[in-house]
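Visitor: Summarising the annotation, TrEMBL assigns domain 'G-protein coupled receptors family 1 profile' to 46-359. Taken from TrEMBL, the feature transmembrane segment applies to 32-55, 67-89, 109-130, 150-170, 190-216, 305-328, 340-361.
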Amino acid sequence: MIEGAMNTTVHGNGSLAPPDALGFTLAQSIPLAFVLFLVIVGAAIGNIIVVGTLAQTWPNTIGKPGNLLVFWLAVADGLLALLVMPFSLVTTIGDSWILGDVFCQIEGFLFTFLTTSSNMALGMISLNRYYKVSQPSASENIARARAKKLLVYGWVHAAAVAVTVVAGWGNVSAGEDLVCLPIWDTSARSVSNLVFVSIAAYILPSCIMGITYYRIFHIVRRRSMKVIPHESSMKEADRNGSVATNNGGAQAGNGAVAGPSRPTNGTAHFTVQSNGANGVSVLPRAAQPILHSTYHRHATENKTVVTLLIILGMFMVLWTPFIIVTFVRSFAPELVGPSTRASTILMVFVNSAANPVVYSLRNTSFRAAARDFVCACGC
């Protein structure tokens, strides 16, 4: 296929397509429509399960700050799957936008609003996680109030960005895309809106995620340096056993005795660790639950870091091509063919389908609750 200077697409068989046609042959449209259908079904079902699972256990889970933000993410991705993606499938099958200009403007607003909202939700989730890791002693009421503020800001931010593309600053058009999108050119007004939308919808949430994940990583790493010695001491103590004496002393497995510096009348419980030729060290048994709790928190934080890195990597891989193609298309549209445009939009849709999968696979308790929700639905 060759895209001419008059924005008319010439198919390989010599037939001309309308100016706003996608420019696909039948052999290209069928597999694209099939993949798009799978993405729509996956995104809709996955996000509905997330929303339903959290709603089913609303009194117990939705009040938790992290769950509130995940709920927001699932709502944004689910609405994108239900209100935007199906019309992309219709456009793919029909080879052009057939629903009129007014509905095109609505779809352009929804696409910009919901994708920006989803991206901001990812950013707010990472910011909330950073607060939780860096301020573990903060009360849940404070954390919940903070999460609500982040949620409100994210929705308002997304709405403000979407309004600019339909209120005269940007220009929404069916063009030759799977969905109605803002179309930018080289005029000063158009370029300024392109830069604004790119920063607000992509660069800002990317920076929030990158900076907060970097700081979370260093906090967890610093804490792990403190936890590892305690963990080894705990394991060594378990091997040596614990003893109790009535005179305040503790008998170690190698015959060494350790105890309080002064006699006690009661029974003292210790965990005794053998250090070989260097003697023994004494760890009060009451401290063991604290160490176990600290180790569990450390393991949870490590798992959180891995999950956040997966989300960040997935977001960058699936969104960056779309942003690059958008900029290239604005300044040199002849360099961007229909397959490239369709592929990058499809990758954005895949991101909305993948988010609930990542959260469910990385969260054991959520998987169990999701199974209960699905079974309750009779599915």
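In case you wondered, yes, glycine gets a Cβ from its N, Cα and C as well.
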Visitor: Mind pulling out the one from 150-170, 305-328, 340-361 with the most Cβ pairs under 8 angstroms to the transmembrane segment (32-55)?
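Guide: The stretch with the most contacts is 340-361.
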Visitor: Quick check: do the transmembrane segment (190-216) and the transmembrane segment (67-89) share at least 3 Cβ pairs under 8 Å, counting only pairs 6+ apart in sequence?
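Guide: Since fewer than 3 Cβ pairs under 8 Å link them, the transmembrane segment (190-216) and the transmembrane segment (67-89) do not come into contact.
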Visitor: With a Cβ cut-off under 8 Å, give me the same-chain residues at least six positions beyond the ends of the transmembrane segment (305-328) that come close to it.
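Guide: Residues 119, 122, 126, 129, 184, 194, 198, 202, 205-206, 209-210, 213, 216-217, 220, 335-336, 340-341, 343-345, 347-348, 350-351, 354-355, 358-359, 362 contact the transmembrane segment (305-328) from elsewhere in the chain.
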Visitor: Give residue numbers and ranges for long-range contacts of the transmembrane segment (340-361): same chain, 6 or more residues beyond its ends, CB-CB under 8 A.
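Guide: Residues 22, 24, 32, 35-36, 39-40, 42-43, 46-47, 49-50, 70, 73-74, 76-77, 80-81, 85, 88, 92, 115, 118, 122, 176-179, 181, 307, 310-311, 314-315, 317-319, 321-322, 325, 329, 367, 370.
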Visitor: Can you work out the mean pLDDT of the predicted model over the domain 'G-protein coupled receptors family 1 profile' (46-359)?
Guide: 80
